[in-house]
Amino acid sequence: MSLPERPGAKASYEQRNSYRKSPSRRNRPNDIEASGYYPVTGGQHQRGPSVNSFAETIRSPNSNIESAPLSPSAEQIEHGSDQPFQRKRSLIRPERNRIDRDHPNYHYRKHAAKMNTLPSSTGNDPVLEDVSGATESGPPSGSNSASGSGVREENIPRKSRKASGRETVAEKSDNTRRRVSTRNSKIVKEGKRKEKIPEQLRPPSAWNVYCAVITFWSPDFIMKCCGMPAKAQRRAWREKIGLISLILIIMGVVGFLTFGFNQAVCGGPVLRLHINSVDRSYMIFHGTAYNLDGSHHPVAEGIPKRLDGTGANVVYDLPEGYGGTDGSFMFQNVNGKCKGLITKAPNSDVPSEGDNLAWYFPCHARNQDGSSQPNMTYPYYFGYACHTTPLARSTFYTQLDKSADVYFTWADIRNNSRNLFVYSGNVLDLDLLFWFNRDQVNIPRRFEELRDKNNAANRAIRGRDATRTFMASGDRQIAECFEDIIKVGTVDTDTVGCIAAKVVLYVSLALILSVVGARFTLALIFQWFISKNYAADKTSQTSDKRKRNKQIEDWSEDIYRAPPRMPGDVGSSVAGASSSDHTSKRSSFLPTTSRFSTVYGAERSARNKSMPTTMASQASGGYMGPSSTAYRETNESRTSFLKSDPYATNTAPIEGPGPSGFIHDSVVPQPPSDWMPFGFPLAHTICLVTAYSEGELGLRTTLDSVAMTDYPNSHKVILVICDGIIKGKGESKSTPEYVLDMMKDHTIPVEDVEAFSYVAVASGSKRHNMAKIYAGFYDYGTQSNIPLDKQQRVPMMVVVKCGTPDEMVKSKPGNRGKRDSQIILMSFLQKVMFDERMTELEYEMFNGLWKVTGISPDFYEIVLMVDADTKVFPDSLTHMISAMVKDPEIMGLCGETKIANKRDSWVSAIQVFEYFISHHLAKSFESVFGGVTCLPGCFCMYRIKAPKGAQNYWVPILANPDVVEHYSENVVDTLHKKNLLLLGEDRYLTTLMLRTFPKRKQVFVPQAVCKTTVPDSFMVLLSQRRRWINSTIHNLMELVLVRDLCGTFCFSMQFVIFIELIGTLVLPAAIAFTFYVVIISIINQPPQIIPLVLLGLILGLPAILIIITAHSWSYVLWMLIYLLSLPVWNFVLPAYAFWKFDDFSWGDTRKTAGEKTKKAGIEYEGEFDSSKITMKRWAEFERDRRARQSQYWGSRENVTGGVRTASGVWASAPPHHHQQQYDEYYSDA
């Protein structure tokens, strides 16, 4: 129970480096690279005195720590007279900045600050500097000079004594204790009153304001009439409407980007006509087609009057047939850019006014293909059809509407039969320059050079874009003049908006395809190459992968079907494991040990590959239990709370009573630390089974499967936590009664077990809860299907939450939820690791585990979490622990969950492929980056603590105070928190782990398999997926804010999580868009290719994944069933879940006797009386127990189990009543 030492630790850093305190040692500056913290005095990091009640604990856990910041400010350092010069703040690393409440390691730093050794963020040995120069007499904390009494020096009742002129903590008088206890209630009430004041004065958040604005049409009095009298209900409903409005906005944005963005930026479908394809209802003027189908020309020469009195239609009624021709010369652009370039010739008949001319070319129509030859004649009079009158010009420019642009492709422009070039996007025809009548107008010589195909100037621009050429050569005016007089069309190009729309389309397509392709490819890479590194080399099952997969598929067909092979059967790879399994070395006739070898096992040579570190294997001298008296020399792993008597020595261990009694006679002995039956060092594991209302058959099969796993019983213990005294629907007994019937060899008779208090995860009076601890061994029962010779002896502990005496008359006494059950274990592990004050329940858990396992709970490194309706394959636990041991960076993992009732109904059938794809595609992809975002609570594993940095240092993972503090949050007042903590607590724990340790890994181990039953009724599925979908959304909202996940920008887990969040929110709209695209593609031609290709890839890749990775071809059928049910998965379930955002009930997933629907998130009434909960350190509980046992308080003879002789040496006291029974097991306490 220490941080950060491991078992087998050597002398403390201060002892190994005694010169550090010597005067001859040179004082070095406090460089920021030397340690993770500014040096502080030893007194600032000493524990405060323990208190007896929870009220005093929450009032002032440690006055010194609260008053002294972890990182002093610059002003504090500056005023120190003997402090060296400090570097500027800009050079301080981020991990050394001030730690506020929003920091992911805030609570860990606060707890670690109370340790005698500060945590190191660099992995180096922590450096303890005594700034003030004051020292204290006696050995430093954590040294090997502690005795086996289990009592700290400052906790031993004794007189005050001086150390370096400073008075140490002395025992409080009885009167002082009574005065403190009477003031507890007043202090707590005063603190609550002060906490309410800032809450009332706090302004509403922007989110609450938005929700109030969006629901202005529903005032409170109307909502009260509609069945929402509570303020919390109304607030949740308003937040639900706010969330739904945001989801609708996101759906609208996605729909706009899918269908409306192109229309908005590119405009409507503009009619564009290809040259030589303009029909006879149009006439072309200056590159633009005009529809003259219903027009009438005024009566003039050559244009007769029709019978209806109107003029003729020029495209149909005239014999010339102007339809489809180019009539640009009939409405010439004169006196514009060409003014000064084209002038009137001498003796010209062209009307003019100064430099202004009436026309430049003969006013004739031309064929659009450019085949017309120049014609200088006029049919009726000179200037016929030139339309020079103001009325004609006004009618043309103002009354005729442009119908379409005439465009040329680059193939048309490069056609050798034409003389075309491009300037500024316009197509210009140089052949039209031959239509100038030189008798009427004068043109520049440059015109003649450019129109001649044999001229070099023409060859330089013909068939090309000559914009840059004209700009650079100074012929810009000539080019602009050409735009006025010889323009025949435009280049086939898109507008800027259309180009932008295409860019957005293809970028989005590439992004989506890259994400889909990357997920598929990396999932395959994980399945083929990475996942096998996590598996154990050998287990009790067959080593043939195909055969094993077939056995798993057969085993998962029925929830009660036994596994194909049990540990110890013939053919098992670990059956009959001999002593050769202790090491991986080959047998040799040469001796492998000498007189210098340790008694705990052969030392590993430096040439050999370093083995993974576990609590048992990291030091061969680590305490491993009662198998030998040699293990009783030291307790390096638990210096903080087991070896706390400063008067003891290592050479003369104190023999005394064990932890609240004796270690069980039938405890499973601990093997040597180098015993590796599976090819990796063993790690001690707690198998947590949370039970609620399960029946006898379900509990039996689950506990049988956990007990029969092939992992050694010496390194696993079953911990069952019953969430209240609940009787399942149709059951004759309550769930705790069924569980207790599955135990035997109790350490304490069942009828003598007392209930102990603890702080529950609830509000109001429900925050105080009581539970009973039962410790013993698993009983397979007389009717067990497991052969007697295969029944293993597995230690087992049961925690039954029975509730306070006031709850006994109510329904479901003791029930606080699954999260509370998990917190019981997590909080216990934290208290054990940090040696903090614990409740009576945690003290009994500590002693119970020690009694049935023979080792301290501090040795446990891993927690397996299994629901009571889940059955585990025999070698799954081994594979999961193998991954944990082989890669210390893994902090959490999960296995594959198989469905046992596949064929019960269509509801269960549509879930088979969904389960498969969520594991082998989603989790496999996330495992490549070590960022699995959802470890299902029914079958997952977490690391309690991990080795870190230098030898003998461990850091808490699941036992981290930040994880425990946030996961045990009992103030659940917002819709977001309620969806996180009340509906998806398992997923929120995964999110907390990733948020607290973004650089560590959470992976999927496909070799670990379990089976469970899924809902076979649609209403139950609807209720379950409502909880899961809402929990997923709110957890992804938490994870998307974690910036330290691997990758950067679009190539990061944060971006993938963001895409997954948006995809979850728009699921109903996405499936609707999919059906729309498919229907439109069938009706309209040509079909939309890109959306169909994208849809085909998204739906087709899972089929390829099945062919490559599936263990059975039946999954192809399950995939087809899943595709048919896509409207249910993507529309019905998400839409229902969104509308039920404010529903925090658990629905019909599990029913209890006499209950209609389970509730969650109930606002409990009453006040929490914290004075009923006693909190002390383990050593203090143990001291009190021994004092009560010996009927004497404060005597050293009774506390330490020894007496002081005349020579001043402490010797062992006479043995107690049970001394002979546990003398061989007990080392120190």
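Cβ coordinates come from backbone N, Cα and C, glycine included.
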Topological domain name match (Swiss-Prot): VAL1078 vs SER1112, membrane: no
Among 330-349, 370-389, 870-889, 1210-1229, Swiss-Prot lists region 'Disordered' at 1210-1229
The candidate from ASN1030, ASN1198 that Swiss-Prot records as N-linked glycosylation site is ASN1030
Residue among ASN415, ASN608 with Swiss-Prot annotation N-linked glycosylation site is ASN608
Other C-beta atoms within 10 angstroms of the C-beta of ASN1030 (N-linked glycosylation site) total 25
Taking DSSP helix as H, G and I and strand as E and B, the topological domain 'Cytoplasmic' (1076-1088) has 8 helix, 0 strand, 5 coil
Tertiary contacts of the topological domain 'Cytoplasmic' (1076-1088), defined by C-beta under 8 angstroms and 6+ residue spacing from its ends, are 1095
Given the topological domain 'Extracellular' (224-240), its same-chain partners at Cβ distance under 8 Å and 6+ residues beyond its ends are 207-208, 211-212, 214-215, 218, 973-976, 978, 1139, 1141-1142, 1163
Simplified DSSP label at ASN1030 (N-linked glycosylation site) comes out helix
